[in-house]
Amino acid sequence: MGAEFVQLSLTPLLIGILAAIACALPGNFLILRRQALVGDAISHVALPGIVVAFLITGTVSTWPMLLGAAGAAVVAVVLIEGIKRIARIEPGAAMGVVFTSLFAAGVLLLEQSDTSGVHLDVEHALYGNLESLVWFSAEGWNSLVDPVALADLPPELVRMASVAFVISLLLAIFWRPLKLSTFDEGFANVIGIPTRVFSFGLVICAAVAAVAAFDAVGSIIVIAMFICPPATARLMTNRLEIQVLWSVLFAVLSAVLGYVLAGYGPMWLGGENAVSAAGMIATISGVILGIACLIAPHRKRVGTPKGL
Amino acid sequence: MNRVAFKVERDQGATAAFVAPGESPLSINELTVSYGEKPAVFAVDATVPPQSMTAIVGPNGAGKSTLLKAALGIVPRLSGQVRVYGKPLAQVMNRIAYVPQRASVDWDFPTRVIDVVLMGLYRELGLLRFLRSPHKEKALACLNRVGMADFAYRQIGQLSGGQQQRVFLARALAQSADLYLLDEPFAGVDAATEKAIIDVLKALKAEHKTLVCVHHDLSTVTQYFDRVLLINTRKIAEGPVATTFTEENLQKTYGGRLATAHIEQLKLPAA
């Protein structure tokens, strides 16, 4: 664990961990609100948004990408609502139709446009470029205190860290009203909590996490991290406060295990090439959920309400 | 100055037998709510006097719950006004306690009984104030009042339907309100819970509180309530149980679908 680790593995690992945390935190609430698909939808519709932003600006710099993804998210929400109301289709189906169509449209657009000069393609969209986010100027652990080397950290790391920090902060500040309006929206309204602001704010947080993570790690991790760590955490405890902590732990565990296994697993098995870290992280999170389903303490739901 | 005026108004409200809409804990004027093309509640007026216990009664789909939710601003109203203690809703939210339908929430939610009751103290706690022992004591006292103190640290999914309903009532008690709005508090509960709940509600009334319940069980209306509001999308009748809960009004409310034998069992007040 020396200079090579710091240069090649430290930053991708950190970005993977931060992306996992940033998605898992809002994921806890999305699942409890029966909106788990929202995260899925957002990460899919980000692709056409990013492609359109690239076609307009001709660059893959951060802000046009984020704005494009945000714009696509708005279009998707409008379409989903419209389909629900006009065609009277069940919300889950409306969401499924909109995000797969938009994602497919994004793939077509991407094929037709000349993106050969930039790092933008379908594979990138699906599983990102985590392994390539290395810290070139790092020469060892000392670089962590070297301002020159620090200035050269991959911008994805800084962006992901800020997003994870802001989401954690917002969650800590608005914990009470968010929990209350997730549990009982009607009551929350009556005691003066602006429940619409919170449900909208939660989706915005999820969207920001998804878009920030999308560029670095691709949509596979995003989708997995919104759902797997919180769902696993729910099986570990019956208290939301503790569930959120477990979900962070499972997110970190998936990111670390997935990254290491992707890098070294094939070698241990006698293979030659490393596999996609993003794919492995998502797979591991699913495996952890599977194990928890079998052995976690609260896997038997105590609470099917009687008399319903 | 304002505080004094406020106090006076409250005191008058507590003693007057008949009240102007301005002094009523809850006055509803021409309230209309619509979910689709057909209105769920149409032009309903109601004036609830202080210290009364009103049942909102009507057939399934008559808009009873919708009326309550629209009065609280939970569902948007198409037209009409709601005044609580003579003021717009937003200014007097702290005087209202609300018990939603038990089935409106997910009881598998990862939280404990005491956490649900503490939600009733949200106005005191705000965003970041630390939970201290007085808050917990208050929550436990409210649970004790509904006979649920022993269950404080259980996960809410472990409760029976009746116990869940009592927890909701305890949360409303924690709100320390003057006006209690309850949506079907007796729906699907066991006999012991029904007794426990009605005892608490009657005690609240004795403490000069005002209560309004959506109620589905015609056989207990005369026994539990002193006023009744009969609705079937429109208001059919409103007033003291003795003069309003009559066979004629009931047949109007239920569109003549109540069997005579059923009505005879209701021990209606002598007309």
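Every residue, even glycine, has its Cβ placed from backbone N, Cα and C.
TrEMBL lists A:6-25 (among others) with the feature transmembrane segment. Same-chain residues lying 6 or more positions outside the transmembrane segment (A:6-25) and placing a CB less than 8 Å from one of its CB atoms are 39, 130-136, 138-141, 143-144, 153-154, 156-157, 160-161, 163-164, 167-168, 171, 205-206, 209-210, 212-213, 216-217, 221-222, 225-226, 229-230, 244, 247-248, 250-252, 254-256, 258-259, 263, 277-278, 281, 285.
Per TrEMBL, transmembrane segment is recorded for A:37-56 (among others). Residues 23, 26-27, 30, 64-65, 67-73, 75-76, 80, 92, 95-96, 98-100, 102-103, 105-107, 109-110, 113, 115, 118, 120, 125, 203, 206-207, 210-211, 213-215, 219, 222-223, 226-227 of the same chain sit 6 or more residues outside the transmembrane segment (A:37-56) yet have a Cβ under 8 Å from a Cβ within it.
Panel annotation: around the transmembrane segment (A:62-80), residues 41-42, 45-54, 56, 91, 94-95, 98-99, 102, 155, 159, 203, 207, 210-212, 214-215 of the same chain, lying at least six beyond its termini, place a Cβ under 8 Å from a Cβ of the stretch. As annotated by TrEMBL, transmembrane segment applies to A:62-80 (among others).
The transmembrane segment feature in TrEMBL is assigned to A:92-110 (among others).
For the transmembrane segment (A:157-175), the residues of the chain that approach it from at least six positions outside its boundaries are 11, 14-15, 18-19, 21-22, 25-26, 62, 133, 198, 201, 205, 208-209, 212-213, 216, 244, judged by C-beta separation under 8 angstroms. According to TrEMBL, the transmembrane segment annotation covers A:157-175 (among others).
Beyond the ends of the transmembrane segment (A:187-210), by six or more residues, the same chain brings 19, 22-23, 25-27, 29-30, 33, 35, 38-39, 42-43, 46, 69-70, 73, 77, 163-164, 166-167, 170, 174, 177-178, 180-181, 219, 222, 226 to within a C-beta distance below 8 angstroms of the stretch. Feature annotation from TrEMBL assigns transmembrane segment to A:187-210 (among others).
Within its own chain, the transmembrane segment (A:216-237) is flanked in space by residues 15-16, 19-20, 23-24, 26-28, 30-31, 36, 39-40, 43-44, 46-47, 124-130, 133, 156, 159-160, 206, 209-210, 243-251, 254, 278-279, 281-282, 285-286, 288-289, 292-293, 296-299, which lie at least six positions past its ends and keep a Cβ under 8 Å from the stretch. According to TrEMBL, the feature transmembrane segment maps to A:216-237 (among others).
What TrEMBL lists as transmembrane segment is A:244-262 (among others). Outside the transmembrane segment (A:244-262), and at least 6 residues removed from its termini, the chain residues within Cβ reach (under 8 Å) are 9, 12-13, 16-17, 19-21, 23-25, 27-28, 130, 171, 224-225, 228-230, 232-233, 236-237, 274-277, 279-285, 288.
What TrEMBL lists as transmembrane segment is A:274-296 (among others).
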